[in-house]
Amino acid sequence: MFSPVLFRFSKPNSFLVLLFFLSYIHFLPCAQSQREPCDTLFRCGDLTAGFPFWGVARPQPCGHPSLGLHCQKQTNSTSLIISSLMYRVLEVNTTTSTLKLVRQDFSGPFCSASFSGATLTPELFELLPDYKTLSAYYLCNPSLHYPAKFICPNKGVGSIHQDDLYHNHCGGIFNITVPIGYAPEEGALNVTNLESVLKKGFEVKLSIDERPCQECKTNGGICAYHVATPVCCKTNSSSEVNCTPMMPSGSSAHAGLSKKGKIGIGFASGFLGATLIGGCLLCIFIRRRKKLATQYTNKGLSTTTPYSSNYTMSNTPTSTTISGSNHSLVPSISNLGNGSVYSGIQVFSYEELEEATENFSKELGDGGFGTVYYGTLKDGRAVAVKRLFERSLKRVEQFKNEIDILKSLKHPNLVILYGCTTRHSRELLLVYEYISNGTLAEHLHGNQAQSRPICWPARLQIAIETASALSYLHASGIIHRDVKTTNILLDSNYQVKVADFGLSRLFPMDQTHISTAPQGTPGYVDPEYYQCYRLNEKSDVYSFGVVLSELISSKEAVDITRHRHDINLANMAISKIQNDAVHELADLSLGFARDPSVKKMMSSVAELAFRCLQQERDVRPSMDEIVEVLRVIQKDGISDSKDVVVEIDVNGGDDVGLLKHGVPPPLSPETDKTTASSSNTTASSF
């Protein structure tokens with residue numbers, strides 16, 4: 001079986017290695033029968049797997065957190081999630097420590113795949129040399145020539161290539177893994193052949209040393225995991241289980257000790273004994289403090305906590321024990337540290353995140369409520385850690401609010417919340433998946449706008465994915481309340497991840513609005529919400545209209561260097577669109593003047609932005625309607641780009657004919673100028 005050691009060591013003095021591991025030894029009483037589930041193999045159809053995997057009859061502590069296997073009983077197929085993508089496990093070879101995998105979305109037609117990134121976790125998997133990685137581009141400029149060209153509905157023109165050559169001409173890119181001998185065609189891609197190749201899958205080798213677990217089992221132990229640390233659990237004569245971290249291969253405490261090494265061990269043992277005595281005294285002190293705190297609480301002096309009371313706290317100030325029981329080694333191993341779970345998310349200690357972020361040294365950015373840092377967890381996951389500015393009652397409420405909202409939401413375009421700290425932590429920290437490509441704002445008018453500009457097809461796809469996420473939130477009774485381009489993150493494939501739910505509100509389904517003091521970012525705040533203190537989902541629609549205007553123009557929402565009437569982009573957009581001057585708003589580098597299909601799509605999106613930015617919220621479209629309209633615009637644009645014909649517009653007109661493409665433009669300049677001019681369309685300059 002596979003046996004992991006995730007931490008690789010050089011060859012230090014043996015007594016230092018022993019000291020390191022002695023300091024992590026824990027005595028964990030548990031029944032003999034609790035070992036049995038980790039003796040059980042994962043079985044699904046013809047596939048079996050043991051340590052370091054878990055799943056079905058093997059509880060999570062029996063394997064690495066990232067190696068959970070799922071059995072589809074209807075098809076007897078096994079699946080594994082890697083970097084948020086679902087893979088089918090075709091084979092597990094325990095002799096060579098290899099797996100054969102195929103992406104779940106490649107089981108059907110290629111054009112129906114998710115077109116999202118496929119990055120293997122390097123700490124766990126190594127691609128075998130018989131395979132290679134190719135780049136698949138999509139939403140490409142249709143007027144250029146590409147090798148291995150393909151066209152997919154809603155994804156436009158695409159190409160398969162081994163090098164990163166077309167990122168400036170295409171809206172999206174993702175990786176595919178193929179045999180080393182596969183070569184895509186020079187002309188049109190043979191999609192049927194590619195589908196056949198992808199369905200056969202590829203092989204990876206686990207980047208794990210199996211020898212420590214073999215040694216553990218030879219000595220009568222059971223291999224398990226605490227978070228991402230492999231442990232060996234043994235039963236003593238009193239039927240109690242001791243779990244200790246497994247030592248790396250080649251660093252045995254008994255191999256080749258010199259006289260100085262033995263003296264060092266004696267010194268280390270004495271030091272460890274003194275440390276244990278000090279620890280006992282510290283525990284007594286902490287118990288006394290907790291007892292006093294309980295007395296204060298009983299007198300009505302309790303403090304606000306960031307969580308509801310459906311779980312209980314353990315005796316240690318940085319770990320959480322969830323009420324209820326788990327079978328197998330779960331209760332025992334969870335006591336080793338802070339791997340507990342609150343409402344489906346992991347609870348971290350402050351020290352664990354301090355280590356993951358290298359003492360909060362890698363700042364990614366900051367917002368109105370906290371600074372965000374880059375970090376790497378022990379299991380290899382890259383994370384973004386939000387550190388709230390202060391621990392006031394308001395910050396605690398925002399902390400709790402973001403957890404309550406994100407813990408129950410699952411959507412491909414919403415950022416994933418991995419976990420948080422406890423109320424006992426020195427600081428309130430939230431842990432999210434790390435999104436590598438920055439914010440949409442950086443790509444539109446920030447430091448990446450010149451080096452890697454986003455082409456129009458990709459911008460339209462970003463608008464669709466953002467609208468889809470907001471539509472999902474509204475259907476779930478949630479108003480984001482801070483929709484802006486700095487809260488729209490992009491991964492390496494330019495897939496959207498909407499973030500920052502500190503201001504979001506749960507919206508009662510039986511009410512038309514809720515009354516609350518206006519909050520948000522200048523330039524994005526709904527003027528009716530600002531004036532009347534009445535919040536509903538149409539407030540997000542207004543903010544999204546500003547985002548659409550940024551996608552069209554590449555301009556910031558507020559810019560005091562512009563003419564005073566155009567400082568607020570919402571005002572500028574309304575004025576330009578109403579006066580039939582979209583060309584003065586549009587970023588001409590996107591092809592508005594030279595590509596008829598791009599001009600048509602950008603003009604249609606401008607019409608939609610115009611509707612979203614109306615002063616009267618009742619005439620704004622819903623997010624559901626916005627998603628539908630954007631998809632129609634994209635579909636029509638792709639249809640037009642399949643047969644590009646360059647025409648010279650001798651009249652210089654900008655008429656696009658929106659109605660025949662299903663985009664109802666109320667108050668639009670062409671369909672009803674009289675109505676538009678009589679309406680109050682002046683957006684707030686807030």
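Cβ coordinates are placed from backbone N, Cα and C, and glycine is handled just like the others.
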From Asn236, Asn338, Asn437, the one Swiss-Prot labels N-linked glycosylation site:
Asn236
Among Asn93, Asn242, residue that the record in Swiss-Prot marks as N-linked glycosylation site:
Asn93
May I ask you to indicate which of 297-326, 657-686 is given in Swiss-Prot as region 'Disordered'?
657-686
Which of these recorded positions is closest to Tyr432 (phosphotyrosine) if you go by CA atoms: Asp366, Val372, Asp482?
Val372
Can you grab the distance from Asn76 (N-linked glycosylation site) over to Asn93 (N-linked glycosylation site)? Cα atoms, rounded to a whole Å.
18
To the nearest whole angstrom, what is the C-alpha distance linking Thr521 (phosphothreonine) and Asp366 (ATP binding site)?
14
Sparsest-packed of the listed recorded positions (Asp366, Asp482) - C-beta count within 10 angstroms:
Asp366
Compare the C-alpha of Asn190 (N-linked glycosylation site) with the C-alpha of each of the recorded positions Asn175, Asn236, Asp366, Gly370, Val372, and give the closest one.
Asn175
Which Cβ among the binding-site residues (Leu364, Val372) has the fewest C-beta neighbours inside 10 Å?
Leu364
Of all the recorded positions given, namely Asn93, Asn175, Asn236, Asp482, which is spatially nearest to Gly370 (ATP binding site) at the Cα level?
Asp482
